Amino acid sequence: MSGRGKGAKSKSKAKSRSSRAGLQFPVGRVHRFLRKGNYANRVGAGAPVYLAAVLEYLTAEILELAGNAARDNKKSRIIPRHLQLAVRNDEELNKLLGGVTIAQGGVLPNIQAVLLPKKK
């Protein structure tokens, strides 16, 4: 009678930490990078989840704006130029990625006011 528990518990299917957190970005991989990167001696359980969520949010934000830029240019595929336009036209993203060069991104069209023809 003793020591046999309440019956056999069937082992449930493995569920990734990403799906538990409702994320698309890989929490396990982020955790591995945090451990291997020598950022700290120990890494808490919540840190990779939080970082993966932040990375996913930033990626979604940039892709949303780049998709809008592609649609404005009547294109169905996002190219580096659309990423550049999206980042540089958004004040906060431009500040965050100020020192970043996007390959094949080009520059923002900008003509100084003094160079424009004078209106009569």
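Along the chain as shown, the residues are counted starting at 1.
Heads up, the Cβ atoms here are built off N, Cα and C, so glycines get one too.
Listed in Swiss-Prot:
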COMPBIAS  1-18  compositional bias 'Basic residues'
CROSSLNK  LYS119  ubiquitin cross-link
MOD_RES   SER2  N-acetylserine
MOD_RES   SER2  phosphoserine
MOD_RES   GLN104  N5-methylglutamine
REGION    1-22  region 'Disordered'
- prompt: Sorted by position, what residues of the same chain at least six away from GLN104 (N5-methylglutamine) have a C-beta under 8 A from it?
  reply: ILE79, PRO80, ARG81
- request: Give the three-state DSSP assignment (helix, strand or coil) for the residue listed as 'N5-methylglutamine'.
  value: coil
